[in-house]
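Taken from TrEMBL as is:
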- H195, D201, H332: Zn(2+) binding site (BINDING)
- 25-363: domain 'DUF4910' (DOMAIN)
- 75-166: domain 'DUF2172' (DOMAIN)
- 365-440: domain 'UCP01524 winged helix-turn-helix' (DOMAIN)
Amino acid sequence: MDGVGKMLGPPFASPRDEDLGQAIYVLACRLFPLCRSITGQGVRDTIGILRDYIGIECKEVPSGTRVFDWTIPDEWIVRDAYVKDASGRKIIDFKASNLHLMNYSIPVRRVMPLTELKEHLYTLPAQPDLIPYKTAYYTDAWGFCMAHREFLKLADGNYEVVVDTEKRPGHLVYGEYLHDGASRREVLLYAHICHPSLANDNCSGLALLTCLAAYMKAVKTYYSYRFVFAPGTIGSLAWLSNNEHRLPDIAHGLVLSCVGDDGGPNYKRSRRGDAPIDRIAACTRCGDEGTPLNIADFSPYGYDERQFCSPGFNLPVGLLQRSAFGTFPEYHTSADNLDFIRPEHLGASFRMVRDMIDALEGNWTPLNLSPKGEPQLSRYGLFSVIGGHKANSERTMAYLWVLNLADGRHSLLDIAERSGMPFSEIAMAAAALQEAGLVSNLGFTER
Ligand code: ZN
């Protein structure tokens, strides 16, 4: 699959969302078919694909290892699973969709009547054509998921049930990649790697972060960027347990999921509520329309930000999504497929994350060198004498905000926040004012 990796060159040099998004979409398509879980071969194979793009390390934690209040479970091995009717016809087949098998099902090989089989069948009566996604982690259970319409067709009689799986001591694996910056201070970027064939949740997040890491290889940064691809909950706990010594260096962080649809965007603040990443999210826009993010307060429900933001860590980590998990009808069903995510949405999400990183990297404190009254902007070529154009007036407002708040006590982020303008707009205005000799740069500011 050399061709895929090579696609990363030119598309990332292009500002068009569709081109950025196409490379991310191609990767999501490669990840989609794999049967991932919180352990097992699917996670290893997924990390193997990401390795075509970045020098990702595969970390292993043995089954039985304590991670805080949890224990790394036995590894789940899945070879096949199906149900055959009395005529020998496969009516449910794991090989047709890995969502058909409840994830982490224990082995079964038995003939049973429909009444007994039904106790292990899961459907969505309100969405009769869709297969639900179900898991049975940390318990001993088995089950099949199917479309309710197919379920209603099941005739009385005996069924042959085969779940060819195994749970045995092995490892939990996760992937980690470090982009080295000038500083030891780190930005943690995290996506969960445990969902099987679900495109938005979370092939989209895995693919976007991998392409971001590949894109950043050519970029020099102040912060170091630590990309972690680990199973939900137990994976972030394992990572935290292995990296407790490193946590004081985590300056900012972001969990990414569901970034391939056209909803939102939605940002959930860190538990701190006023971390720089929380403030930057409020000063970020999405897409060519410049859509502001819906900002929600922290709540202890969601993805792995729950672990990063538990009181013992309280890391400055927020959650970025397009449609919020659990709110879209395709969520955790077979309709969360490769038609549900689109290259243009992945591209817009990519740009949004890149803008947030630009804000982390490009936050400085300006000082107005001409603070007595407003400078006459037209003398510096900064003010169009032909007024009235919308973009022109927005740029002028950005100049006025920067000049007014450039008293040496406000960072560009403070100014963006106070003005209600996008950080990118404030940063461009500040750079032009510095170029014109109207402000000086008092230095990089973390917040
Ligand atoms: Zn999920």
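Each residue, glycine too, has its Cβ placed from N, Cα and C.
Please treat TrEMBL annotations as automatic predictions, because they have not gone through curation.
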Residues within 8 Å of the H195, D201, H332 Cβ centre (excluding the Zn(2+) site residues themselves): Y133, L198, N200, N202, F325, Y331, D336
Where D201 (Zn(2+) binding site) sits in the secondary structure, as DSSP reduces it to three classes: helix
Helix, strand and coil totals (DSSP H, G, I; E, B; other) for the domain 'UCP01524 winged helix-turn-helix' (365-440): 41 helix, 7 strand, 28 coil
Cβ packing number for D201 (Zn(2+) binding site), 10 Å threshold: 27
Structural state census, the domain 'DUF2172' (75-166) (DSSP three-state): 12 helix, 37 strand, 43 coil
Mean predicted confidence [pLDDT] for the domain 'UCP01524 winged helix-turn-helix' (365-440): 91
